[in-house]
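Annotated features, as they stand in Swiss-Prot:
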- Arg39, Arg45: NADP(+) binding site (BINDING)
- Arg131, Ser132, Ser133, Asn255, Ala256, Gly300, Lys315, Pro316, Ile317, Pro318, Thr319, Arg341: FMN binding site (BINDING)
Amino acid sequence: MRYTTAGESHGPEEIAVIEGIPAGLHITQEDVNAQLARRQKGYGRGERQKIETDTVTFLTGIRHQKTLGSPITLNVHNDDHNNWSKIMAPNEPQTSENSLRKVLRPRPGHADLVGGIKYRHHDDLRNVLERSSARETTMRVAVGAVAKKLLAEIGVDVHGFVVNVGPAKSDLSTLTQYQDLEALRQVTESFETRALDAAADKAIRDVIDSTKRDANTVGGQVQVMATGVPVGLGSYISADDKLDAKIARAIVGINAFKGVQFGGGFDNAEKYGDQVMDEIFWRPEKGFYRGSDNLGGFEGGMTTGEAIVVRGVVKPIPTLYRPMQSVDIDTHQDHRASIERSDTTAVTAAAVIAEAMVAIELAKAVLDKFDADNIDRMKEQVAAYRQEVKAF
């Protein structure tokens, strides 16, 4: 399985093409739209979300709600393009009229300046920010929706939530009270902040509100969990086959993510071995299992069968309504950075995007290990493999 996305933030369309999805997977546009709606929601989002109503169109690879095994093309229309059609026009030369929204003062923390240098966009840094914008993650969430449908066929569930926004934190000790991810999902999705509890929801709202009043932005952390994952996805044979490494790359590849950890993560660096390693047990009814999950579901780059636990660090959004020091790329004179429409925080949406990326990497790993031509054959192979693992 592989995919690619295309599209600019204020261009007419966002597009994704997915290859390698087995034939016979049942999927509807509503399945994808539900995930796109989750991405748009969240406390602290900006005015763009009031303009867009993200809905997907299936262009290729799906017939009668079933995948064909051929490339799947997904399309989401940018409603805001109506306000930018002249500025983003692909078939018109640049004029004074369609250059009104030039960006010449790069934002610290954004791709503006380095992207302009790299691609020689001397005249307008909008050529950078239109693609580097997090609007592109719309299509990663759409691809993730397809991946989640595939994973659900073999009993794998994936869910993301917010750990903290600034100093306001969810109470992670409450995670033990949930029987499964569906029960957890019902709680976190009931809050606009995607927090774990009502107290954290209120605290996070307060932080976001005060940050907005200060014309500032704020970061945080999100956590993604996956259950029902077969043992042995990934490999210890080569470094680039390690599944945790692939997931780490996928998480840090999301806009504004600056760190990732598995299980106990960086806290494990302050502990001793007998406090960290997940002891091994065996029971005839379930086979091998671990007594804890401090390593986040991975050993040697392979899944252990325990819950995958991944956390990502999200930096504050670089666009500030109280802009920071910058330099005009034309005059080289000091100026305040450009201002683009932005969110106070994207952490609430980041949980959904990170969830999608974990689902994509897990789906890739499943399709690497099992039959990728037909969904029923894949399910048969996974079921047989689970029995083999249990009997080991």
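Backbone N, Cα and C define each Cβ position, glycine as well.
Remember, it's a predicted structure, so these values are computed and weren't measured experimentally.
What Swiss-Prot annotates, mapped onto the structure for a quick look.
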residue	record	DSSP (3 states)
Arg39	NADP(+) binding site	helix
Arg45	NADP(+) binding site	coil
Arg131	FMN binding site	helix
Ala256	FMN binding site	coil
Lys315	FMN binding site	coil
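Applying an 8 A CB threshold to same-chain residues 6+ apart, the list for Ser133 (FMN binding site) reads Glu8, Ser9, Asn255. Maximum intra-site Cα distance, FMN binding residues Arg131, Ser132, Ser133, Asn255, Ala256, Gly300, Lys315, Pro316, Ile317, Pro318, Thr319, Arg341: 44 Å. For the pair formed by Arg39 (NADP(+) binding site) and Ala256 (FMN binding site), distance between Cα atoms is given as 15 Å, rounded to the nearest Å.
The Cβ neighbour count for Arg45 (NADP(+) binding site), using a 10 Å radius over every protein chain in view, is 20. The Cβ of Ala256 (FMN binding site) lies under 8 Å from the Cβ of Ala134, Gly219, Val314, Lys315, Pro316, Ile317, Ala346, Ala350, each of which sits 6+ residues away along the same chain.
Note: the CA-CA distance between Arg45 (NADP(+) binding site) and Arg131 (FMN binding site) rounds to 19 Å. Non-local neighbourhood of Thr319 (FMN binding site): Arg107, His110, Thr217, Ile339, Glu340, Arg341, Ser342, each in the same chain, at least six residues away, with C-beta under 8 Å from its C-beta.
Same-chain residues at least 6 positions away in sequence with a Cβ under 8 Å from that of Arg131 (FMN binding site) are, in sequence order, Glu8, Ser9.
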